[in-house]
Structures are given as structure tokens and as C-alpha cells.
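**Q** Take this structure first; my questions come after.
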Amino acid sequence: MALRCPIVSVLGHVDHGKTSLLDKIRRTRVTQREAGGITQHIGASEIPINTIKKVSKDLLGLFKADLSIPGILVIDTPGHEAFTSLRKRGGALADIAILVVDINEGFKPQTIEAINILKQCKTPFIVAANKVDRIPGWNSSEGPFILNFNEKNQHPNAMTEFEIRLYENIIKHLNELGFDADLFSRVKDTTKTINVVPVSAMTGEGVPDLLVIISGLAQKFLEQKLALNVEGYAKGTVLELKEEKGLGKTIDAIIYDGIAKTGDFLVVGNPDGVIVSKIKALLKPKELDEMRDPKDKFKPSKQISAATGVKISAPDLDSVIAGSPLRIVPKNQVDAAKEEVLQEVEEFTILTDDEGIIIKADTMGSLEALANELRKVNAKIKKAEVGDISKKDVIEASSYASSNPLNGLIISFNTKVLADAKAEIEKSDVKLLEGKIIYKLVEEYEEWTKEMEELMKSDEINRLTKPAMIKILPNCIFRQKEPAVCGVEVLYGTLKIGSPIMSEDGKKLGYVKEMRDSQQENIKEAKVGMQVPVSIDGNIVLGRNAKENDILYVEVPEPEARKLHHEFKDELRGDEKEALSRYMELKQKIENNIFWGM
């Protein structure tokens, strides 16, 4: 029975070394070119069986492994939790997975999230315990770990430290999550126990062990799943849309099932539905090369079979979006393929809110991942689209901000900002957050939201009438009316220019027109304990409806008193709270309503 390459998914926490580990296998350097050192798009690499046998020759006899698979196809799935949706897609495509964990740091939130994804997809996995070279005293060298793990090559203290970190940082956590796990050389039953393979992406130690274990497990337990479908049409997922010299727009894709031929029809999803286009060329990357960053030209193929990474040349691909499902079929199966693809596209629809922000991304998967991560921090999303930031986006965001300043935001993941959009942003109140790492964008969103909420709260408090109690000082009446001028002491709260003043029996007396400090300079407010001359314009006549030693109050409208009492009480000083409390008690008595302001 002919077998296809098993599809291997690589998952793990950010910076635990997923792509670096693959680099060691491929002898390439993709990680250094990625934003923030974090892999941001699913990549695909074919590792042929001859390469696996070559680097693992010392182990094949030891493990009695007779490998008959043609090789492995690795999906380099992004490691940060922000890419949950892409990892789910990667996990779903994968036959088996490698979970990369730093043996020195142990499990992180993204590690646990990755395990949950693998559980959901029912994908078997092994653990690559990376960075073994950083264990104090460890003598790490390229080659099999199992041949280096002995007292001849390692100091006893280093071996003890290795055992401690292996158990405390990896095996114990797997046990807590319901998995039996052990060092791969000690595993008796691979159907019940997770294999933990120590590796070093820096030195290459353990890479042969990893390749033998992953290949052997895939072949042993997934043989039926790996049976090559020589009759069926090809099914796949779009990785990227790329411009290639001499070819125009092309699609990079992973084919995970079936056969495709030059001259077949490509059926692929886009934002408006489905595109059908006749294939001009199927191009394969040279073995051991990374699809999104090849160092050499692709080679043409008349026919390809799963599982493989492929570049597809065909007309009318401009509107294809990364992450879209695709089928490659003969002409008589186009209609059936269209129905299948449409169903998959509909699953990617992002639900939007009645109000909220705008998010844009470069791919369907990135957009979905960004939306999912923003939802986790309770973001409201009004519009979610793939594509560059346009002037229209900015105008829309500005209109959203008119009802709520928190909606005046555009978040852009890995997209361009068009020139007219930049000009529009400069003259608008719209905030733009740009980035190539989703979790950082989410962090920036949270920071911006917090700052905006504090600013909005501060603005709202400043617009509210602040409570205050004042006392007319004896021998300090300078003018009786129009306006009345006298000296007052602020007993509680904050007296501001424009504050409406009332007497203890609830009569309106006027509003504060002017205040001066001890230097006779005009001031806008006076706080508790201050004695200041004030002018009050209105019905007040000093000596008649207001006298020396009288207690006067700033009249706070009931809706504002209620807001201060319920929403902003923690923002008030102690004396302001006292002023508000006394004022509310007075109003409840005057209005004969114990619920006034409550």
C-alpha cells in the first residue's frame, strides 16, 4: 500500500524554539527573518525519507525502525496563543504533532493552549524538550541524544539536573493534564505514554531521535490514514498569495489529500464566494526548502499528490485570501467542489457588533485570530476585513467615534496604510494601531483602552458639578448684591467657577462668578480649608437671604449626584464624599424623598 507523507504540526509557546528546531533540520534560517522571532504564518517544509535516514542512521537499528513513508511534511504552526484559529486549522490538518517546550522554563499558557488544541483535534503528539544545551554543565553535541546521555559524556551533576528539569518542568505538568509521559527511551507502550524527546535547536542534539520517533509513530499508528488517495481530487489550504516574476499572482498552498494535475481547475474561496480558474502550472519547492522563503527556484510538476506544499500558477487570483480552502478538480467536478469550498468559507465569517472598532489583517486566518484574541479582552468589533487600510476605513472609524470615543480605533495586523488613509488619520480623531505580532497589538489595545477610559472618566468628572459646602465668614461681606461679594471658607469639597449655590432651605441663590486667592489672583477653584473672596451673581442679597456664618451648598442636579454617588465615588476625595453625602441628606429632607440621588 502506497503511503503519503504524514503531516506534522509544530506547536508551542513563543520563544521556546519551534522554528529554530526546524531550522536545524532544514539547515535554513527562517526565524531571523520573522517579526519578533515569532512565526506568523503557517509554513510548510518537506523532509524526505532519505534525509531522515541519513541523520538518524545510528538510531534506526537501535530502535529497529523500518521506515517506509516517503518523508514528512511539516506545518510550522505559529506558537503564540493569538493564533488559536490558525493552530486549530494546522492541528486539524496534522496527522501528528510536535509540542516544543523549553525544558528550563517548562509549561507556559501557550503550551497548555496548544495541548488543548491537540486534544480537541484528537491529534497524537510527542514533546520536544528543547534547549537541553542550557542545562548547567550539560555537554551538548550534534547527533543522537540517546548516545550522549551517559556518564561517559555527562557529569553526574548535569545528569541529575536534567532528570529534575525533565520531571518538574515537563512530565509533572503532563501528568497534571491527564497524560502519562516519560523520556522516549523509557516508554514501553506508545499508545498510552507521551514520548518526551530532549533536543537542542542550537547544537542539533536530539534531532535524529526526534525524526525517528515522529516518523515511526506516524507510520505505526496512522498507516490507514496515510494511505494515498490515488483516485480523489486534491484538497488544500491557501498559505499565501504571492507575485512571482514571469508568473504573476500565484498561490502557495498545502495539499493534504488527493491528486492534482496541470490543466485541472482550481476552485478557491475569496471574500465574495468562490473563484474557478484553470491551472497553468504546479510548482514544487526543492526538498528541504521552506515554502514562504525559498533560496532556490521552484521546479514544475505535471502531477502532485498529498501531502505536499505547492505553488499554483493560474489566472484571476488577485482576490484570493490566505487561509482559504481550495480544491483542484477536473472540469466535470467543478460544481461539487464549489459547494464544498463555499461551506468552508462560510465557517470563517467573523460575527460583528452593532458598535465597536475596525480591524484589518492580511489573511483570513490572521483576521480570525486577531478577532478571537480581541474578544478575549471584551473588545467590540464593528468591522473586520482582509486588506489594506483605506480612507473609507478612517472615515468610518471617525463616525463610530462620534458616538463613543472608544470606537475611534483601527487595528491593523500586517497590512499597509494607503496614502490617502494616512492623510485622513492626521486630520481626524482616529487612533491607528499597527503591528506584525498579534499579542502585542492586543496589549496595545488594552493600554489604549485603559488610557481612553481614564481620560473619558476624567473629562466626565470635570463636566459634573462638584459638591461643596461653604461658610460665609463673619465681617467679610463686601457687597450685598449684583453680584454679592463676600469671604467664604470651603468646609468640604471643591468650589468652582460657575458652581450653582443654594441655601440650607434649598433656595437658589445664584452661581459663583469669580474667586481670588490670597494674592488677589483669579482662581478657577477652591478646595477644602481655603478661605477666599467670591462673587455670587443671581438672587442672593447678603444680609437678607444669606448672612454671616450661614452654610451654603453647591447645588448638584440629581442625575449628576446619582452619577457621582454610584459611578465616581472612588474618584472623589474624602472631603468631596462628605460634601456629597451631606448634600444628598439635605436634599432628601427638603424633597421629602429618601431615595433622592440614589
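Every residue gets a Cβ built from N, Cα and C, even glycine.
Given the structure is predicted, the values throughout are model-derived calculations rather than measurements.
For reference, Swiss-Prot lists these features for the protein:
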- 3-225: domain 'tr-type G' (DOMAIN)
- 12-19: region 'G1' (REGION)
- 12-19, 76-80, 130-133: GTP binding site (BINDING)
- 37-41: region 'G2' (REGION)
- 76-79: region 'G3' (REGION)
- 130-133: region 'G4' (REGION)
**Q** What three-state class does DSSP give K18 (GTP binding site)?
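**A** Going by the DSSP assignment, K18 (GTP binding site) falls within a helical segment, counted as helix.
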**Q** Can you tell me how many other Cβ atoms are located within 10 Å of the Cβ belonging to D15 (GTP binding site)?
**A** 16
**Q** Kindly report the helix/strand/coil residue split of the region 'G4' (130-133) according to DSSP, in that order.
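**A** The composition, in the requested order, is 2 helix, 1 strand, 1 coil.
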**Q** For K18 (GTP binding site), list the number of other Cβ atoms lying within 10 Å of its Cβ atom.
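**A** Result for K18 (GTP binding site): 26 other Cβ atoms within 10 Å.
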**Q** How many neighbouring Cβ atoms, not counting its own, are there within 10 Å of the Cβ of G12 (GTP binding site)?
**A** 28
**Q** Quick one: give me the count of other CB atoms within 10 A of the CB of V132 (GTP binding site).
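**A** Result for V132 (GTP binding site): 27 neighbouring Cβ atoms inside 10 Å.
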**Q** Across the region 'G1' (12-19), what is the average pLDDT of the model, as a whole number?
**A** 78
